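According to Swiss-Prot, the features are:
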ACT_SITE  His88  active site, proton donor
BINDING   Phe22, Ala56, Phe57, Glu58, Ala80, Val81, Ile82, Phe113  5-amino-6-(D-ribitylamino)uracil binding site
BINDING   Ala85, Thr86, Arg127  (2S)-2-hydroxy-3-oxobutyl phosphate binding site
Amino acid sequence: MTTFNGKINGNGLKIGIAVARFNAFVTQQLLTGAQESLVQHGVNETDIDVAWVPGAFEIPLTVQKMITTKRYDGVIALGAVIRGATAHFDYVCSGVTTGIATVSLATDTPIMFGVLTTDTIEQAMDRAGFKSGNKGADCAVSLLETLDVQRAILKADLA
């Protein structure tokens, strides 16, 4: 039996980040957390590209375009969708979630889902590091680990 475990090492990796401008007071915090975590784990600052989009619904297509360039080893999707009084929240959350999963599987590229889907502004702020923890930073670490475990699987397959 073979066990594959990924290490958190960003040396030599090129990372794309798509981030929604809507609810920027939250998404900027997520972005900062992701960038700082990537650099802390060995990704060169110049190897991190950020694409700002109007809202979360625009993230999947932008991520797909980023991946199509073949410049990125993996991508992080960041946004904050906060429930309002209408069904709009449900449609946006469903669309962005399905879109990101579809792009990841279709392109065989890891995309970390850092789109917060919360009932309140306070919940979004908590998850963006205003109190503790930052889902952007968590996504960065998860992406590096996922990329490493995928490399290990491919390496074993080639052996």
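Here, residue 1 is simply the first one shown, and the rest follow in order.
Note that Cβ sites are derived from N, Cα and C of the backbone, with glycine treated the same way.
Features per Swiss-Prot, on structure.
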residue : record                                           : DSSP (3 states)
Phe22   : 5-amino-6-(D-ribitylamino)uracil binding site    : coil
Phe57   : 5-amino-6-(D-ribitylamino)uracil binding site    : helix
Ala80   : 5-amino-6-(D-ribitylamino)uracil binding site    : strand
Ala85   : (2S)-2-hydroxy-3-oxobutyl phosphate binding site : coil
Phe113  : 5-amino-6-(D-ribitylamino)uracil binding site    : strand
Arg127  : (2S)-2-hydroxy-3-oxobutyl phosphate binding site : helix
Residues satisfying Cβ distance under 8 Å from Glu58 (5-amino-6-(D-ribitylamino)uracil binding site), sequence separation of at least 6: Ala20
Cβ-based isolation winner (fewest other Cβ atoms within 10 Å) among the binding-site residues Ala80, Val81, Ile82, Ala85: Ala85
Separation of alpha carbons, Ala85 ((2S)-2-hydroxy-3-oxobutyl phosphate binding site) and Phe22 (5-amino-6-(D-ribitylamino)uracil binding site) (Å): 17
Inter-residue Cα distance where the pair is Ile82 (5-amino-6-(D-ribitylamino)uracil binding site) and Arg127 ((2S)-2-hydroxy-3-oxobutyl phosphate binding site), in Å: 12
Inter-residue C-alpha distance, Ala56 (5-amino-6-(D-ribitylamino)uracil binding site) and the residue listed as 'active site, proton donor' (nearest angstrom): 12
Ala56 (5-amino-6-(D-ribitylamino)uracil binding site): tally of other CB atoms within 10 A of its CB: 29
Residue among recorded positions Ala85, Thr86, His88 with Cα closest to the Cα of Phe113 (5-amino-6-(D-ribitylamino)uracil binding site): His88
Alpha-carbon spacing, Ala85 ((2S)-2-hydroxy-3-oxobutyl phosphate binding site) to Phe57 (5-amino-6-(D-ribitylamino)uracil binding site), which is rounded to whole Å: 18
Entry from the recorded positions list His88, Arg127 having the most other CB atoms no farther than 10 A: Arg127
